[in-house]
Amino acid sequence: MTQQEIKLIAFDLDGTLLDSVPDLAVAADQATRAVGFPGVTELQVRDYVGNGADILIGRALSQSLTINPELSDELRAQARELFDDFYQQTGHKLSHLYPTVKETLKELHQAGFTLALVTNKPSKFVPDVLQQHGIADYFVDVLGGDSFPEKKPNPIALNWLMEKHQIQPTEMLMVGDSKNDILAAKNAGCASFGLTYGYNHGEPIAASEPDFVADSLAQLLDVVLVSA
């Protein structure tokens, strides 16, 4: 990959563009308590997110990153349904964009890059969140965690984007905050841009060996915008 080649930039959402944990934590706490289990704190949920809502709820019920195998499918399904309801009720009022996100997306959009969103978040929640924070119009494609049979780190969503837009792996960049984002990029054969903030279970993003590591999304501009 060279900077001149990049045509499409795929972004993760939670932990990359949006700090959504405050709302997720409220919903997870309410859901676990509703089924008779101990509640969870925001600090716990920061560790549990990143692999989709089913995994988040399994971890919350287990009070651990490792899901208790004795939890029944019925219980997990009930808690997940409650979680979805409670999360919808939060109105996403506690979530907020990270610094420089809106400005960076605007500049990339104006520069002519194709921008896509590839998140493990359930699809039904994504449009409202993007609209609420004023960034929906920047994305040509919005792919949720249930858009395909597999979630990141499976590359199926990234492969779909490359096929749709008729581009090569060298022409796409994946931007994210977790090893699932970096592994998805590696599995798709494209470069990755890893952010040091966000949700990565306490593991430095550099450990996943992304092609670029940054503390701010604004640093992405230095990677993809090449002066004439």
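The backbone N, Cα and C atoms fix where each Cβ goes, glycine too.
Note that the coordinates shown come from a computational prediction; the quantities given were computed from them, not determined experimentally.
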Per Swiss-Prot, what member of Asp177, Asp211, Asp215, Asp222 joins Asp12, Asp14 in binding Mg(2+) at one site? Asp177
Cβ within 8 Å of the Mg(2+) site centroid (Asp12, Asp14, Asp177 excluded): which residues? Leu13, Gly15, Thr16, Leu17, Leu18, Gly50, Thr119, Gly176, Ser178, Asp181, Leu195, Gly198, Tyr199
Using a Cβ cut-off under 8 Å and a sequence separation of 6 or more, which residues in the same chain sit near Asp177 (Mg(2+) binding site)? Asp12, Gly15, Thr16, Gly194, Leu195, Thr196, Tyr197, Gly198, Tyr199, Asn200, Ile205
Might you list, by sequence position, any residue in that chain lying six or more from Asp14 (Mg(2+) binding site) with a Cβ less than 8 Å away from its Cβ? Ser20, Val21, Leu24, Val49, Gly50, Thr119, Asn120, Lys121, Gly198, Tyr199
I want to verify one value. Collapsing DSSP to three states, which class is Asp14 (Mg(2+) binding site)? strand
